[in-house]
Amino acid sequence: MPENLEIRPSSFENFIGQKKLVETLQILISSSQKRKQSLDHILFYGPPGTGKTTLANIVANVLEAKIKYVQGPLLEKKSDVLAVLANISPDTIIFIDEIHGINKNIEELLYSAMEEFVIDLQIGVDGERKIMRMKLPQFTLIGASTKLAQISTPLQNRFGYVAKIVDYTLEDMIQIIRNSSAVLKLKMNTEIIKYIASFSNNTPRIANNLLKRIRDFALVLNAKRIDKDIVNKTFDSIGIYNQGLSQINIEYLNLLVKIFKGKSVALDVIANVLKEHRQTIINIIEPPLIEKELIEKTSRGRRITKKGRDYLLELKTN
């Protein structure tokens, strides 16, 4: 089994965090089984790496259902949607990742498919067009998105359960790291687990990726147990800083201080200097900086906070 799948929980019992969401899913699944009907359509939304795909896989495991994986941005034409829906067996789960990326011009094809399990197709040339109705077996569509606002209201309304992935706690992250380190056969004490968790941005995918890199260094350095020295060597090498910030986060903070002297700066100006797309800045670079109150948004743009200045000062002294 590939390592990523081995680390990934395969049951609700092994899934850490999202307690209310998991309880709701278990009730929905149990109800659908008792009614002998397909599970209602589900939409998960939240930041990258927080378990949306894992939850979809667990739902499929519990239902003992086939799961078909699709990337939303690849659904560009009607034929793409038809290819996904063609030849599915009853109770199949169709998982569309980044569902907000579907071409909006073909979204309507999904409406009748989700509501009535049919697709109406126009056939023939102008003047002789006919509507052919194609029946589909009952299925469950599970969507995942990092950008809920980009999903149209009509499509959102077709989902019976829209679930937000809430923030993971430090305790959640400690348990996730403990479980994953056991799978990777890494020996470490609770202090080291907490230390690694502090670099994870409370994101399971980041925590697991850090563990795999620590494993690589420990293996090459013949370390029997994981200590702080091994962890720090790993993080220094891959450019992970205190509180889990990356090199690009540090460049962003330094830019606000060194180039713009702590003044507010427009997003487009920052994007131009960093040579990064504005959406990359908004969705990837800024969230941890805003969450940790290292920068703030003002009417004039972005500005570093006192916390942000103190953070950079601490980096210099370490």
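The backbone N, Cα and C atoms fix where each Cβ goes, and this holds for glycine too.
What Swiss-Prot lists as ATP binding site is ILE7, ARG8, GLY49, LYS52, THR53, THR54, ARG158, TYR168, ARG205. The feature Mg(2+) binding site is assigned by Swiss-Prot to THR53. Per Swiss-Prot, DNA binding site is recorded for ARG278, LYS297, ARG302, and the stated evidence type is sequence analysis. Per Swiss-Prot, region 'Large ATPase domain (RuvB-L)' is recorded for 1-168. The feature region 'Small ATPAse domain (RuvB-S)' is assigned by Swiss-Prot to 169-239. Among the features that Swiss-Prot reports, region 'Head domain (RuvB-H)' is placed at 242-318, with the record citing sequence analysis.
Mapped onto this structure are the features recorded in Swiss-Prot.
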| residue | record | CB count, 10 Å |
| --- | --- | --- |
| ILE7 | ATP binding site | 23 |
| GLY49 | ATP binding site | 19 |
| THR53 | ATP binding site | 17 |
| ARG158 | ATP binding site | 19 |
| ARG205 | ATP binding site | 19 |
| ARG278 | DNA binding site | 13 |
| LYS297 | DNA binding site | 12 |
| ARG302 | DNA binding site | 23 |
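Note: the DNA site is recorded as ARG278, LYS297, ARG302; in the same chain, ALA266, LEU267, ILE270, ILE281, ILE282, GLU286, GLY301 also have Cβ atoms within 8 Å of that site's Cβ centroid. Counting only the Cα atoms, the space from ARG302 (DNA binding site) to GLY49 (ATP binding site) is about 26 angstrom. Averaged across the region 'Large ATPase domain (RuvB-L)' (1-168), pLDDT for the predicted model comes to 93. Annotated pair ARG278 (DNA binding site) and GLY49 (ATP binding site), C-alpha to C-alpha distance, rounded: 21 Å. Across the range of the region 'Head domain (RuvB-H)' (242-318), the DSSP-based residue counts are 50 helix, 10 strand, 17 coil.
Residue counts for the region 'Small ATPAse domain (RuvB-S)' (169-239) under DSSP (helix as H, G, I; strand as E, B; rest coil) come to 50 helix, 0 strand, 21 coil. Of the recorded residues, LYS297 (DNA binding site) and ARG205 (ATP binding site) place their C-alpha atoms 27 Å from one another. Here the binding residues for DNA are ARG278, LYS297, ARG302. Their largest Cα to Cα distance works out to 15 Å.
Under the DSSP three-state reduction, ARG158 (ATP binding site) is assigned to coil, being neither helix nor strand.
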